[in-house]
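S.K.: Pulled from TrEMBL, these are the listed features:
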COILED    224-251  coiled coil
COMPBIAS  582-617  compositional bias 'Basic and acidic residues'
COMPBIAS  618-634  compositional bias 'Polar residues'
COMPBIAS  635-644  compositional bias 'Basic and acidic residues'
COMPBIAS  658-669  compositional bias 'Acidic residues'
REGION    576-669  region 'Disordered'
TRANSMEM  6-21  transmembrane segment
TRANSMEM  33-52  transmembrane segment
TRANSMEM  103-126  transmembrane segment
TRANSMEM  146-165  transmembrane segment
TRANSMEM  177-201  transmembrane segment
TRANSMEM  378-396  transmembrane segment
TRANSMEM  425-446  transmembrane segment
TRANSMEM  466-489  transmembrane segment
TRANSMEM  523-542  transmembrane segment
Amino acid sequence: MSGAALGLEIVFVFFLALFLLHRYGDFKKQHRLVIIATLLAWYLCFLIVFILPLDVSTTIYNRCKLAVNSSPAEGNGSYVTLAPSKQKCFKPWSYIPDGIMPIFWRVVYWTSQFLTWILLPFMQSYARSGGFSITGKIKTALIENAIYYGTYLLIFGAFLIYVAVNPKFNLQWNQLQTIGIAAANTWGLFLLVLLLGYGLVEIPRSHWNGAKRGYLLMKTYFKAAKLMTEKADAEENLEDIMEEVRKVSESIKYNHPLRKCVDTILKKCPTEYQERMGRNMDDYEDFDERQNSYPSEKSLAKLHKQVIYSVQRHRRTQVQWQILLEQAFYLEDVAKNESSATRQFVHTFHSQEPENKIIQYFYTPTVEWYWECLLRPWFYRVLAVVLATFSVIVVWSECTFFSTKPVLSLFAVFIQLAEKTYNYIYIEMACFLTIFFLSICVYSTVFRIRVFNYYYLASHHQTDAYSLLFSGMLFCRLTPPLCLNFLGLTHMDATISHKNTQPTAYTSIMGSMRVLSFIADGFYIYYPMLVVILCIATYFSLGTRCLNLLGFQQFMGDSEMTSDLIDEGKELIRREKRKRQRQEEGENRRREWKERYGNRDDSTRSRAVHTDQKESSFSETNTNRSLSKYTRSNGRTERDRIELLQDAEPLDFNADSVNDDPLESDSGR
């Protein structure tokens with residue numbers, strides 16, 4: 001089994017990262033390099049989280065072997081017997097042979113650092129560039145990142161000069177490498193505590209509120225009102241950009257050198273706008289003979305960038321609006337079915353997507369009613385209590401993990417108890433649950449935060465390339481300090497435990513932080529205590545209240561603005577629901593008319609054929625007259641059917657709009 005667990009986790013984590021990226025990204029429309037770079041960044045970060053528990057169990061086994069070899073011992077089978085204590089050092093089922101983990105961690109760590117500090121920032125600028133060629137995009141990306149890279153080079157160069165000039169410092173390459181790692185981890189730890197303080201409170205609270213049907217419905221109405229405003233703004237912005245594109249397309253003729261750039265811009269426009277504008281091929285005047293002022297290539301590149309952004313934003317708001325409507329309709333159905341006497345879940349609208357037959361067989365309306373109306377609220381409450389318990393343990397351990405005598409960190413207590421009996425399964429499960437919960441708190445915050453319209457991870461394939469690459473940068477910068485913090489909580493880091501024991505393979509590649517004692521003994525130990533203040537601020541929604549005061553509408557139950565937006569969203573949902581009901585009624589009525597008049601046409605045709613056979617002995621003139629009569633009758637029936645089908649759309653009845661004047665009624669319709 002040596003190395004088998006490592007191989008299985010490598011494969012599993014790859015498909016997990018691929019699944020998440022497929023949910024947020026769009027493999028068909030986005031550039032392959034963007035997909036590959038983001039997938040690699042997510043994959044490496046998730047891989048570190050899943051492999052680290054194996055590193056811990058392997059390190060504990062190696063410590064046991066060292067203790068045995070340093071004392072009188074005798075071998076016995078696959079384990080070693082310690083003479084004084086008569087304990088046995090069993091080899092864990094997931095044991096990784098010596099020499100593999102250091103190489104593995106070194107490759108994974110330095111690849112992720114190359115991605116987050118060099119490649120991904122460059123690809124961000126490349127993806128947002130409006131250039132029309134690869135060379136132009138690379139040039140734009142280099143110019144935009146010149147300040148970014150220049151700042152780091154200036155700081156690093158000044159530090160090297162100071163070290164070289166000062167005779168007190170005699171730093172070697174390994175120490176310089178450790179200083180660079182410490183600087184990157186310090187930046188990551190600063191951001192990690194901020195995100196962790198939010199996630200430790202918000203994740204249990206969101207699951208607890210998920211059991212409240214009224215709360216979810218009100219919040220959905222609030223989101224609908226905000227999304228409608230964003231949707232209208234995106235449509236207006238797209239119209240303005242398309243108007244500029246139309247003017248440019250009309251001014252630059254077919255024989256202009258920049259016409260290829262205009263055609264590239266037109267290909268990025270929606271199909272309806274492309275058909276509306278088209279190519280202006282009517283005027284064959286030479287562009288040099290005209291005195292019009294033409295836009296430059298730089299201005300066209302800027303317009304190209306605006307077109308890409310506006311089209312992506314418009315498409316995203318349209319998809320999110322449809323998803324939010326389905327969610328609102330479903331929550332209203334749940335509220336309506338809670339008082340159902342038949343205990344069968346009834347949907348107002350049928351699902352537009354075909355459902356799996358296996359799911360339909362097991363997830364019957366009765367099962368759905370019991371789950372949605374009875375079991376799901378209690379399940380969310382129990383899950384919220386469990387998550388809140390984990391959050392309390394994490395906060396306590398973050399504030400006390402520096403204490404070694406006595407050991408106050410609960411995670412360290414659990415690991416040390418399991419280490420005494422060498423229960424590797426328990427050690428790996430405890431380590432995995434701990435680091436997995438920390439990762440969920442941090443990564444879920446990365447998926448939830450939104451920086452205006454520049455960074456936003458939207459599901460259902462609606463995330464743009466810039467946001468995907470930015471998320472990869474954040475993951476690569478947050479994961480190493482997250483793992484170091486986890487090792488500190490469990491006292492597997494020698495810097496925290498102050499024991500002269502064998503370190504984990506992950507800690508060994510980080511180097512000894514004693515080179516920077518003020519970071520190792522100060523910042524790394526006391527800064528995580530700030531998580532208590534952040535948790536308190538998140539619990540009382542101080543950040544939400546500040547954003548609300550600044551004019552960014554946030555969902556707050558005691559706010560008058562929130563109540564107004566809830567009422568507005570409720571009206572929008574009611575309007576969309578009535579619209580969809582009219583559409584379904586219209587489709588049903590069309591289907592009924594088609595079936596009714598389709599059968600009548602078939603009977604008319606059969607009678608005509610029967611009459612034709614019966615009167616075959618008549619003269620040719622009478623036969624033609626009879627056939628023409630039935631043909632005209634059939635034509636009248638067909639025309640009547642078409643006219644009725646055209647007027648099959650039902651009207652929305654409103655008692656307040658009933659008027660005596662028929663003209664006003666028609667205008668109101």
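Just so it is clear, glycine is given a Cβ too, placed from its N, Cα and C backbone atoms.
TrEMBL does not curate its annotations; it predicts them automatically.
Give me the structural setting of these features: burial, nearby parts and distances.
M.R.: Away from its own ends, the coiled coil (224-251) comes close to residues 262, 265-266, 269-270, 273, 276-277, 279-280, 292, 294-295, 300, 303, 306-307, 310-311, 313-314, 316-318, 320-321, 324-325, 328, 553, 565-566, 568-569, 572-573 of its chain (Cβ-Cβ under 8 Å, at least six residues beyond either end).
Tertiary proximity for the transmembrane segment (6-21) is limited to same-chain residues at least six positions away from its ends with a CB under 8 Å from its CB atoms, namely 35, 38-39, 42-43, 46-47, 50-51, 54, 94, 96, 100, 104, 468.
Note on the transmembrane segment (33-52): residues 6, 9-10, 12-14, 16-18, 20-21, 25, 27, 104, 108-109, 111-112, 115-116, 119-120, 123, 127, 431-432, 435-436, 439, 465, 468-469, 471-473, 475-476, 478-480, 482-483, 486, 506 of its chain, located 6 or more positions outside it, place their CB under 8 angstroms from a CB of the stretch.
Counting same-chain residues at least six beyond the ends of the transmembrane segment (177-201), those with a Cβ under 8 angstroms from any Cβ of the stretch are 113, 117, 156, 159, 171, 391, 394-395, 438, 440-442, 444-446, 474, 477-482, 484-485, 510-513, 515-516, 519, 523-524, 527-528, 530-531, 533-535, 537-539, 543.
Beyond its flanks by at least six residues, the transmembrane segment (378-396) meets 196, 200-201, 203-205, 207-208, 210-211, 408-411, 437-438, 441, 489, 531-532, 535 of its own chain at Cβ-Cβ distances under 8 Å.
Using a Cβ-Cβ cut-off under 8 Å and counting only residues 6 or more beyond its ends in the same chain, the transmembrane segment (425-446) has close neighbours at 49-50, 52-54, 56-57, 60, 92-94, 192, 195-196, 198-200, 202-203, 387, 390-391, 394, 411, 414-415, 418-419, 457, 471, 474-475, 478, 482-483, 485-486, 489-490.
Note on the transmembrane segment (466-489): residues 21, 24-25, 30, 34, 37-38, 40-42, 44-45, 48-49, 52, 56, 109, 112-113, 115-116, 120-121, 123-124, 127-128, 181, 184-189, 191-192, 195, 394, 397-398, 401, 409, 411-412, 431, 434-435, 438-439, 442-443, 446-447, 454-458, 495-496, 504, 506-507, 510, 524-525, 528 of its chain, located 6 or more positions outside it, place their CB under 8 angstroms from a CB of the stretch.
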S.K.: Looking only at residues six or more beyond either end of the transmembrane segment (146-165), which have a C-beta under 8 A from one in the stretch?
M.R.: 117, 121, 171, 179-180
S.K.: What average pLDDT is reported by the model for the coiled coil (224-251)?
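M.R.: Average per-residue pLDDT within the coiled coil (224-251): 92.
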